[in-house]
Structure formats: C-alpha cells, structure tokens
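Written out below as structure tokens is the structure these notes cover.
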Amino acid sequence: MQACNTFISRHVANPMVRITPQKRQLRVAAVLVAPQIHRNVTHSLPPEKVEVFKSLEGWAKESLLPLLKPVEDCWQPTDFLPDSSKPTDEFEEEVRALRERTAGLSDEYFVVLVGDMITEEALPTYQTMINTLDGVRDETGASSSPWAVWTRTWTAEENRHGDLLGKYLYLSGRVDMRMVEKTVQYLIGSGMDPGTENNPYLGFVYTSFQERATAVSHGNTAKLAVEAGDLILARVCGKIAADEKRHERAYAAIIEQLLYLDTDSAMLAIADMMRKKITMPAHLMQDGKDPKLFEHYSSVAQRLGIYTVKDYADIVEHLVKLWRLEHLQDGLSGEGRRARDYVCGLPERMRRMQEKFEDRARKTGDSDGPNAVRFSWVFGREIKV
Ligand SMILES: [Fe+2]
Ligand SMILES: [Fe+2]
C-alpha cells in the first residue's frame with residue numbers, strides 16, 4: 001500500500017496561514033481531493049448482502065486464491081540483501097557494495113523510499129482494516145473460509161515488502177533509522193480511516209485502487225533507481241511492484257464479480273469511494289517532529305514524479321475501463337446511472353482541475369508556505385517540497 005500526492009494533500013487548509021482571496025480560490029480546487037477523516041459510519045452493508053459473499057466462496061477458492069503464490073515460489077528479502085551467513089569480510093564487502101550503489105541516490109529519493117517503506121510497515125493496520133469487513137472477515141484468526149485464507153496469505157506476501165525495504169535502508173546508512181522506526185510505531189498506533197464502513201463493497205474498491213497506486217509508486221522508484229545506477233534496488237522495487245499488480249488483479253476481480261451479481265450496489269460503492277477520495281493508508285503518519293509529515297512526504301513524491309495527481313486520475317481511468325463501467329446499463333437504478341456517469345467523468349475532471357491549478361500557480365507565483373522542510377528521516381536535512 002502506498003502514499004498519495006502533493007496536490008491531494010499539501011493544500012489542506014492550515015488555519016494558521018492567512019489566505020488571500022486569490023490563494024483561497026486555488027485552494028478550493030485542491031481541497032476537493034484532500035484527504036479527510038470520514039464520518040463514523042459503520043456496518044453499512046445490509047445483512048442480506050452477506051449472502052453475496054457466501055455465494056462467491058466457490059469462486060474465491062477457484063479463481064482468487066490461485067492469484068497468490070505458494071511460499072516456495074516466492075522471493076524473500078534475503079535474496080536481494082548482503083548474505084549475513086557468509087564470512088564477515090565477504091559480508092562486509094557486500095554491504096560496502098550496497099553503500100556504493102546507494103551513494104548515487106539523492107536525499108529526496110530516500111525521503112520517498114522511507115515513506116514507501118513506512119507505509120508498507122503499517123501492514124497490521126491493513127490486515128485489521130480488511131478484517132473489519134462484514135461477510136469476509138477472518139472470524140477465528142485461522143478460519144478456512146477462502147476470504148480469510150486470502151487475507152492472511154495476502155498479508156504474508158505483503159509482509160516481505162516492508163521487511164526488504166527496511167533492511168535495505170538500514171544497510172545503506174543514508175537514513176536515520178531510529179526516526180524511521182519511530183514513525184512506523186506512531187503510524188501503526190494511529191491506524192487509518194479509509195471510510196469503508198465495514199462494507200466489503202467499499203473495502204474492495206479501496207484495495208483495488210490502493211494496490212494499483214502502490215504498483216505505480218514502486219514502479220517509479222525502480223525507474224529512478226535505474227537512473228541513479230542502483231540496479232539491485234531497482235529490482236527490489238520492481239519485484240514489489242509486481243506483487244502489488246498481482247494483488248490488484250485479485251481485488252479488481254472481486255469488484256468485477258460484484259458488478260455482475262449486484263450491479264447497482266457495486267456501482268454505487270465505486271462512486272461512494274471516489275467521492276470520498278481514496279485516502280492513502282499512511283495519511284495519519286507522524287514522526288513526533290513535523291506535524292505535516294504526510295503532506296511533505298507526499299509533496300516530495302509528487303515532485304519526483306513517483307506518485308502524482310496524474311497517476312491518481314490514470315488509476316481511476318484504468319478501473320473505469322477494466323470494469324467496463326461506461327457500458328453498464330442493465331441493473332442500474334437512476335442513482336446507479338448517475339453514479340456511473342460521475343465515475344466515468346472523474347479522470348477528465350481531475351486532469352482539467354489540475355491543469356487549471358497549475359496554470360494559476362504559474363501565473364500568480366503562488367507558493368503554499370515553505371518550499372523546503374527538514375525531514376528527520378534524513379538527519380534533519382532540508383528537502384524541497
Ligand atoms: Fe499492496
Ligand atoms: Fe506492499
């Protein structure tokens with residue numbers, strides 16, 4: 001899972017900043033996609049709809065579970081790390097080589113990589129979130145229901161991501177691991193608020209989007225690692241991105257099934273999550289120093305092209321095409337048709353809004369506060385946001 005972007009997060013109103021009318025106009029557009037804490041709606045899935053998930057158990061067993069890989073076929077973090085079982089001097093040599101490779105990477109790159117790693121490390125939160133969903137939760141902790149098997153096995157695959165990135169970062173010596181570790185502890189303690197209301201229709205729309213967002217983000221960190229000459233780190237990020245893509249296929253397939261079985265509710269759920277905006281899983285991130293840490297991290301990710309507004313719009317567009325939403329007719333109520341039209345038009349609206357925003361910012365030279373902040377993760381060094 002992964003973080004969002006500057007546009008989505010950096011322009012949230014700060015009551016301490018005086019906003020000129022001109023700036024206010026700019027911010028209005030931006031706030032439309034700002035992360036938010038949702039109303040405390042719970043258990044919005046009507047009880048009878050739990051049956052939909054019961055009826056899909058056979059499908060989940062046959063079609064969903066095979067999208068996860070057997071442990072024996074999976075890569076493990078040690079495949080990409082210096083081999084600590086080797087004699088000390090050989091191990092040291094491999095660590096030295098890793099440090100030489102990472103020397104070409106900038107501090108700002110490390111800020112994004114740390115943010116990505118921290119996001120992965122809050123995995124307990126994500127497993128908890130999926131287990132809040134009615135009809136698919138793991139009722140015992142070791143349930144044999146295919147939904148529960150999926151969630152545990154998915155978690156087990158995901159667990160390798162933060163583990164690998166964390167060890168790589170530790171060995172690089174480029175980041176303040178203690179601050180990184182504190183941020184992880186804070187984040188897991190804070191949880192997340194995706195607005196999914198214990199409702200698996202909403203929950204699986206969220207995970208479909210989110211897994212693709214992470215695939216995009218890790219794919220882009222891989223590209224930048226290639227440019228900077230660290231081909232092993234590029235492979236690391238590429239391997240993680242490939243896992244995320246496989247997971248996205250699975251979650252998107254669940255929504256496909258729901259669209260087939262219960263078209264109107266599924267369409268309304270997609271629109272509901274898009275209206276709420278997909279809140280990024282690490283949106284409650286903090287390090288005890290920078291109260292706007294998530295915004296600043298997202299801003300650097302946007303500036304480096306690792307995860308941008310354009311990516312967000314592209315993901316919505318991809319899902320619209322994948323789920324063939326434009327062609328949905330049968331089974332839609334009036335509200336369902338309006339939901340369909342809203343979602344299908346969303347990518348274009350977002351792009352237009354972003355263009356307008358950038359145009360205005362260019363013309364007015366608008367700047368939202370400081371253009372450089374100190375990140376504790378890189379020993380308090382200043383990074384442009
Ligand atoms: Fe993921
Ligand atoms: Fe992941």
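Just so it is clear, glycine is given a Cβ too, placed from its N, Cα and C backbone atoms.
For the Fe cation 1 site, TrEMBL records Glu158, His161, Glu244, and the single candidate of Glu120, Glu121, Glu197 listed with them is Glu120. Binding of Fe cation 2 is attributed by TrEMBL to Glu158, Glu244, His247, and the same site annotation extends, among Glu181, Glu211, Glu295, to Glu211.
In this structure, the binding-site residues that sit close to ligand 1, with a C-beta under 6 angstroms from any of its atoms, are Glu211, Glu244, His247, chosen from Glu120, His161, Glu211, Glu244, His247. Reported as a whole number, the C-alpha separation between His247 (Fe cation 2 binding site) and Glu120 (Fe cation 1 binding site) equals 14 Å. With respect to ligand 2, the binding-site residues His161, Glu211, His247 contribute His161 as residues with a C-beta closer than 6 angstroms to one of its atoms, given in sequence order.
Looking at Glu120 (Fe cation 1 binding site) and Glu211 (Fe cation 2 binding site), their Cα atoms lie 11 Å from each other.
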